[in-house]
Amino acid sequence: MRLLTLALLVAGSLAYKFEDCEQKPAALNQVLRVGAKLYSYNLDFFYQKALPYNAIYAFTDVFLQTNLTNADQYQFYQGTNCTTVQQLYDNDNRYFGILRKAALLRSHQLNPFNDTIVGVSTTEPYEISVLIWKVNYFRVGVYVGAIVLFLLASKLVRNVVFYYTSGCSFGLLASLLLVAFIVWRVAPKKTIGVPILIGGWSVSLYMLHFAWSNLQSIMIEYQKYVIGYFATVLLISMAVCYKRGPPTDARSHDIAQWTLQLVALALIYFSVQMVEVSTGTIGALIIQQICRGFLFAGIRWYFVGLKAVWRKFFPARRRLLNEEEYEEQAEKTTKEQLAQLREYCKKEGNRPWKIAGNVRSARRLARFIEGEDDHITEDEIYAHELTGDVLDDEDYDFNEDYGLRTPNESHFDLEDDEDGAEEWDEVVVRRRASEYGRDSVQSVRVPRSVSSRLLSPYQGQNHMNRSLGPGIGFRRDSTPRHGNFQSEHRPRMPRTEQIYRSRRVEYDVKNGRVEGPSSSTASGMTPSEYMRKARRIDATSKTPTRKSRHPTESEDADE
């Protein structure tokens with residue numbers, strides 16, 4: 001009973017649709033064959049059922065196919081019912097067919113979401129069918145390309161390549177009017193010029209249709225002329241674009257951008273079969289264009305916050321640098337910072353006279369800025385190695401009964417070092433330390449044979465600064481000292497043993513002088529003189545310091 005009711009409903013609906021038809025149209029669900037006729041006064045009606053109105057068919061196309069290749073042999077019409085199709089046929093055949101619509105304007109494409117009635121008028125036998133493309137990739141390509149064109153319009157209008165490409169393409173299409181324009185200029189205006197001017201675009205459209213219909217034969221038969229035509233038009237278009245040049249003002253860019261975006265929106269609208277999909281896409285693009293700054297900023301800050309929360313709860317492990325990587329990075333960073341310092345000093349607005357007034361040697365600063373010298377000299381490198389990381393525990397002579405105390409009251413002991421057969425003297429270096437905010441004192445031992453020659457300017461003084469023991473000891477002297485020097489206290493040893501075992505000379509880094517005893521009247525040596533003398537002595541001794549690879553000319557002269 002239910003099946004009978006459903007069949008009656010379907011039959012009633014079909015009868016209602018085809019009530020204006022003399023006979024029921026044939027369904028185009030398969031290939032249909034129609035025989036020849038003597039007269040084409042009557043139309044052959046066919047029926048195409050609509051597809052479901054669903055978004056999956058947004059890029060679907062339905063095409064009508066016949067085996068009649070000559071457009072003059074048949075006429076076809078399409079509409080929503082038989083009455084509409086018959087009316088179109090009657091309008092074309094009035095006045096003996098003078099006002100008949102051109103075959104170029106008749107489309108073989110059917111609306112996939114509407115029930116379509118097709119009428120065919122011909123005297124020839126023919127076959128008719130329907131081809132359904134569920135996904136027309138040409139439509140998909142136009143849709144995606146239009147979206148990309150809309151989003152990149154602001155960048156494309158400022159691109160020189162796009163300017164020349166679009167200009168040449170427009171020139172190639174517009175060149176079809178060249179022949180009509182030349183004829184209009186040469187021919188008499190009253191007889192030929194005005195009709196050509198009025199029908200110029202119609203002639204161009206006809207030429208396009210003719211060329212597209214016979215493209216293959218034209219390319220084969222007139223190959224040289226086609227290549228010459230394209231080459232000439234492209235060269236002329238490129239020359240015109242080169243002469244005018246790309247637009248530079250902001251308003252021209254805005255007009256070009258808006259034009260491209262309007263073209264993109266039109267392509268989106270006509271590339272989709274469903275109006276809802278195309279309208280939604282157009283609305284989303286317009287909203288994105290208006291709220292571009294707020295939208296992108298919100299999305300970016302959302303992901304930044306999400307990344308920060310993730311790093312907080314799941315922090316990444318830090319890989320520590322090994323010694324080679326540390327040295328490589330330190331060397332690279334030092335070079336970069338020194339280059340930045342040179343560039344900063346070379347700038348005119350940085351008051352170079354003020355910078356030179358804040359340094360001890362303006363000449364040395366100038367040589368550093370010009371790249372003639374490094375930021376440190378060989379003497380300073382030698383002094384660093386003499387008093388810094390070159391010194392090991394065995395370079396110091398400590399008694400096992402004594403320990404050192406730092407300003408924060410922490411103790412540390414060093415290994416014992418037994419004196420060899422040769423006696424040693426110590427050289428004390430004073431510098432400002434950043435760890436405790438005070439002046440620090442550091443000493444290095446040298447053999448007695450070296451120190452005797454190194455301290456030769458002070459041999460005649462009776463108030464040589466003696467140490468209190470065989471090691472790195474600092475004495476509490478009744479003579480008042482200037483500055484907050486770090487001091488360590490150790491028990492006194494017999495005076496004779498002190499004098500016999502070790503002596504000490506002080507090198508003050510802050511003042512840049514090697515000073516003798518406080519009561520000495522001898523003039524001190526500069527750090528350069530002191531280091532040059534120490535290197536000369538070091539070359540012939542067993543002093544555990546670095547030897548100079550390239551002796552300077554001043555050293556050779558002193559030797």
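Sequential numbering from 1, following the chain as shown.
Any Cβ shown, glycine's included, is placed from N, Cα and C.
Since the structure is predicted, the reported quantities are computational estimates derived from the model, not experimental observations.
Here is what Swiss-Prot records for this protein:
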- 517-526: compositional bias 'Polar residues' (COMPBIAS)
- 530-539: compositional bias 'Basic and acidic residues' (COMPBIAS)
- ASN67: N-linked glycosylation site (CARBOHYD)
- ASN81: N-linked glycosylation site (CARBOHYD)
- ASN114: N-linked glycosylation site (CARBOHYD)
- ASN408: N-linked glycosylation site (CARBOHYD)
- ASN465: N-linked glycosylation site (CARBOHYD)
- 475-494: region 'Disordered' (REGION)
- 510-559: region 'Disordered' (REGION)
- 1-15: signal peptide (SIGNAL)
- 164-184: transmembrane segment (TRANSMEM)
- 192-212: transmembrane segment (TRANSMEM)
- 218-238: transmembrane segment (TRANSMEM)
- 267-287: transmembrane segment (TRANSMEM)
- 290-310: transmembrane segment (TRANSMEM)
CB contacts for ASN81 (N-linked glycosylation site) [other CB atoms within 10 A, all chains]: 18
Least surrounded among the glycosylation sites, given as ASN67, ASN114, when other CB atoms within 10 Å are counted: ASN67
Spatial separation of ASN67 (N-linked glycosylation site) from ASN114 (N-linked glycosylation site) - C-alpha basis, Å: 25
Nearest-integer angstrom distance between the alpha carbons (Cα) of ASN81 (N-linked glycosylation site) and ASN67 (N-linked glycosylation site): 24
ASN114 (N-linked glycosylation site) in three-state DSSP notation: coil
